[in-house]
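Chemist: The structure under discussion is supplied below as structure tokens; questions concerning it will follow.
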Amino acid sequence: MGVVERTWSWLATGAHWSGPDGVWHRLGEHLFLTAVCLAISCAIALPVAVLLGHLGKGGALAVNISNAGRAVPTFAVLVLLLLSPLGTHGSWPTVIALVLFAIPPLLTNAYVGMREVDRDVVEAARGMGMTGRQLIARVELPLAFPLIVTGVRTAAVQVVATTTLAALPGGGGLGRIITAGFRLTDTAQVVAGAVLVAALALLVEGVLMLAERLFDPVRRRTGPVPG
Amino acid sequence: MAGQSCLISNDWICGEYLRTRGQELTDATLQHVGITLASVAIGLLVAFPLALLARRWRAAAGPVLGLTTVLYTVPSLAMFSLLVPFFGLSVSVVVTGLVLYSLTILVRNILAGLASVPEEAREAARGMGYGPVRLLFGVELPLALPALMAGLRITTVSTISLTTVGAILHYGGLGNLVYDGMHSYFKAQVLTASVLCVALAVAADLLLLLVQRLLTPWTRAGKGAV
């Protein structure tokens, strides 16, 4: 039997989906970790980026932090946190590593989005007597929305991908199916796990792209742009 | 002995580790550099024709860009695992995976670079009797270099960082040391390998920046003239 057939039969076996090592449980862990980390990193990064963007300060920091994030291997940070005193606290090392890596794209995109808002529009709003808070809520945030959501999407896909790596130091998530497959030298299981992870990443990307179209405040008010 | 004790007490920073495992660290670094160089070089060789294809035929641009973007979404652990059936447990799996990731940014930046070439420069070259090949390599490519080099820098830095995940196949360069150190709770080994990995990425970035400045002297001359 070829690898494709064996992978298919692995996925088709009900026993592989249930139990504490089953697909459903691992998928639940994966989604839970992703959601928690994304919520924490949004809560930290977005207010900072929106404020910095509104004030027009700290641009170099906001842009360079995402370049620096690229140079640091996620896997190494995961292991470093695991070996640190935090390592004994369940999934905290994973959560912290994921939050650290989700912050740069959120910060950079939200900042750039706030800065790309047409300066003339901002000036006009100021001239109409809007306060700083009104300016953020009614002008800058709606106009910066597409880029901010792009940042959230990038971060979400990255967190889904990185949660897979959490399996290497023995954390939860779908990556465990792959690492267990390697340990058992069961190629079918490795490939099945990889297919599941890749499918989840693509699914998250697709769903968020759709959400971006549906909830864009500017687009919603003006209706769909023709063509 | 003070030197010995830092290995026994499992400190994060340990000079004794550097002295006794120098060879291991050098080997891992060399493997890391080798995997990165091979991946980026092959990535460039594949990305260049793809970018030309996407530029020549508009119909090809969508699928080429779409496909390379989708590849970027696939988590690294899954990517390497999916390639195992094709190449077995070998270094080719890691290199192929890294090449596939590099395509996203390289193809985009080569296309952006070629698009930024002023039409006048093209016209002038054609008027001087340049054929399409000479036009590409003599005029368009040099003018596209800033965008291309920017892409190359991003790709190289992320490739160096992603190589560590190759440790699951034991072809992860410094990642191998992190992986083994994780299982044996060897703090000095994990920290040293991680720091080396980041240092490698920063060094590669600076080196490419230098190469870019040497290759495109006109970008600086222009700034002075204005």
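We count from 1, first residue shown onward.
The backbone N, Cα and C atoms fix where each Cβ goes, and this holds for glycine too.
Here TrEMBL flags B:29-208 as domain 'ABC transmembrane type-1'. According to TrEMBL, the transmembrane segment annotation covers B:33-52, B:64-87, B:93-114, B:160-179, B:191-211.
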Chemist: Residue list, the transmembrane segment (B:160-179) vs rest of chain: Cβ under 8 Å, 6 or more residues beyond ends.
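Modeler: Same-chain contacts beyond the flanks: 24-25, 28-29, 31-36, 39, 76-77, 80-81, 84, 89-91, 93-94, 97-98, 101, 189-190, 192-194, 196-197, 200-201, 204.
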Chemist: Give residue numbers and ranges for long-range contacts of the transmembrane segment (B:191-211): same chain, 6 or more residues beyond its ends, CB-CB under 8 A.
Modeler: 12-14, 17-18, 25, 28-29, 32-33, 36, 149, 152-153, 156-157, 160-161, 164, 173-175, 177-178, 181
Chemist: What same-chain residues lie close to the transmembrane segment (B:93-114): Cβ under 8 Å, and 6 or more beyond its ends?
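Modeler: Here the qualifying positions are 35-36, 38-40, 42-44, 46-48, 50-51, 54-55, 61, 64-65, 68-69, 71-72, 76, 79-80, 83-84, 86-87, 140, 143-148, 150-152, 154-155, 158-159, 162-163, 166, 169, 171-172.
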Chemist: Mind checking which residues reach the transmembrane segment (B:33-52)? Cβ under 8 Å, same chain, six or more beyond either end.
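Modeler: Distal contacts: 64, 68, 91, 94-95, 98-99, 102-103, 106-107, 110-111, 114, 136, 152, 155-156, 159-160, 163, 166, 171, 173, 200, 204.
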